[in-house]
Amino acid sequence: MPSKSLSNLSVTTGANESGSVPEGWERDFLPASDGTTTELVIRCVIPSLYLLIITVGLLGNIMLVKIFITNSAMRSVPNIFISNLAAGDLLLLLTCVPVDASRYFFDEWMFGKVGCKLIPVIQLTSVGVSVFTLTALSADRYRAIVNPMDMQTSGALLRTCVKAMGIWVVSVLLAVPEAVFSEVARISSLDNSSFTACIPYPQTDELHPKIHSVLIFLVYFLIPLAIISIYYYHIAKTLIKSAHNLPGEYNEHTKKQMETRKRLAKIVLVFVGCFIFCWFPNHILYMYRSFNYNEIDPSLGHMIVTLVARVLSFGNSCVNPFALYLLSESFRRHFNSQLCCGRKSYQERGTSYLLSSSAVRMTSLKSNAKNMVTNSVLLNGHSMKQEMAL
């Protein structure tokens, strides 16, 4: 639909009661359709960026899931959640990104009523899986660092799989209203030409989009991030307190342990930071449009902001494997070995501990005199004391 101008357009079917143009559909348009340099550049550059996002995202996330599935040492509670993130990203990359890219080649909605109902549900489900999984990961890091005695390994993987499935169920249920209200409508211009478009909430009043955008921002952004912030506040406080309280003669031993804990928490925090950076502009833009329901901004600046927000939000689906590659030595080694087609899969010696605090049973014996914590690790039935690192 990019070739349609924003001016002289109206909704002839599926219009809201006030007769105003529904929020949402105008974001798919370029400012003009006269073959200008701007239009031609956008038609080429944006789909190319989408193709890059799809290619890189599929490679990284498929490799991530494959590594966790094929290497038993990598199967842990945090890694199950990370695989859940990758699955949600793959869903978005395989469905929503190609559909969005097609809008720069075709003047009309090409995916029918079913596609109009399904695509918004898939996108919101993917966002829900991402932010709710990040919240669950933060809770896991909180328990591992602040309350290590509460970490139980008996049935932990099974319980985590159930939690991951629960995240999907909740995300799908929350996205169902998108399918209920989205409709394919025909947009008419004053020159008697018309085209079809997928419009969210076309038959509602001005209040509905405002409520919807605020709820989306709260449920899928602000509230989860507030919970994550609380978890990380307590994590930071515990790490600082532990560094001050541990006796000097054990500094070398505890330093490695502390670095491991901080590294694990850092990985999750980087994931959260990437999510905020990529999705915040999209949330703000959606609320801006919802609160300016009757106005259409045909300016080049608004169009550029819209395109940047879209590219950033879709780009979030390919950044997590890169972050993990940079921050985790174990994942980096396994990833490199997978890329080397002629080599055997890298078999890691010793204990792999990529976010695997729950893959082992840890019991803490606290000394009242020296406030020292000694971890006794049980792995495959054998007791061993060691410092585990990425």
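Keep in mind that glycine also has a Cβ here, set from the backbone N, Cα and C atoms.
Note that the structure is a prediction, hence the values are computed from the model and not measured.
The topological domains that Swiss-Prot gives for Ala236 and Ser290 carry different names, which places them on opposite sides of the membrane. Take the candidates Cys116, Cys161, Cys274, Cys278; Swiss-Prot pairs Cys198 in a disulfide bond with Cys116. No contact links the transmembrane segment (80-99) to the transmembrane segment (212-235), because fewer than 3 Cβ pairs that are 6 or more residues apart lie under 8 A. Residues in the topological domain 'Extracellular' (100-117) partition by DSSP class (helix H, G, I; strand E, B; coil) as 9 helix, 0 strand, 9 coil.
Residues 2, 30, 82-83, 86-87, 89-90, 93-94, 97-98, 100-101, 104-105, 303, 307, 311, 314-315, 317-318, 320-322, 324-325, 331, 335, 338-339 of the same chain, all 6+ positions outside the transmembrane segment (42-65), place their C-beta atoms under 8 angstroms from a C-beta of that stretch.
For the topological domain 'Extracellular' (178-211), the model's average pLDDT works out to 78.
Per DSSP, the topological domain 'Extracellular' (178-211) is made up of 9 helix, 13 strand, 12 coil.
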